Amino acid sequence: MARPTPQSAARARGAELVQQALSEGYSFVDDYLRFHGFTHVAGVDEAGRGACCGPITIASCVLPDHDVPELAGLNDSKKLTPLRREKLFGAITEHAVAYKIVHIPAAEIDQKGIQYANINGMYRAVAGLSVEPDVVLTDAVHLPELECEHAPLVKGDALSPAISAASILAKVSRDRLMVEMDEQYPGYGLAGHKGYGTAKHMAAVRLHGACPEHRYTYSNVATAHAEWASTQPREEGRPGQ
């Protein structure tokens, strides 16, 4: 039988500590892990998985091991007001030990699928950190190919400030990108719904056809675009190609 390496032993210990923190009722697992020697606790989260236009955005974040007043109130980005998210975004980027934001474009999502794009983006976000994490925490996503320990936490944004910070980084950066796309592709209302499949958004696709940033493999986009295309000369591929 092969002897466990120090790296594999550390991974096993990290997983045990996460479970201990949860079973003992700790509010945040990050502090528990740091107390037991895991200095760099990275959180990873995404924004835009359920959208039908624009990228899926993944962020990773390692927060400092001391209290920062400006970071008080970290929570799931979807539960915060836009103004609060913007303020926390600035505080996170200023005070984080390290962070990385990755955008996976719609064309890649169409080519490889949203699940692949999400997982691959998370690996890229972790690899892009300027410090090597001792443990990576995700919001219920398994990343088995990470060399360091990782723990998928159900409702992780409520259990880990690092995940909450990553959630805010992903959400705010993606929202800003969708506002820019709205200027490039007017008529779809991207600055408002941020690429999600609202009734007005789908009505715009039926009226104008899909733009190059839409996800063509998504049924709502495909159906609406087909309605528009039925009145147009036949074309192949994604618009703009």
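In case you wondered, yes, glycine gets a Cβ from its N, Cα and C as well.
Database features, via TrEMBL:
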- D45, E46, D139: divalent metal cation binding site (BINDING)
- 39-230: domain 'RNase H type-2' (DOMAIN)
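Other Cβ atoms within 10 Å of the Cβ of D139 (divalent metal cation binding site) number 22 in total over all chains. Other than the site residues D45, E46, D139, same-chain residues with C-beta atoms no more than 8 angstroms from the centre of those residues' C-beta atoms, the divalent metal cation site, are V44, A47, I58, T138, V141, G156, D157, I163, A166, S167, A170. For E46 (divalent metal cation binding site), the same-chain residues 6+ apart in sequence whose C-beta sits under 8 angstroms from its C-beta are I56, T57, I58, A59, N118, G121, M122, A170. In the three-state DSSP scheme, D139 (divalent metal cation binding site) falls into the coil class. Reduced to three states, the DSSP call for D45 (divalent metal cation binding site) is strand.
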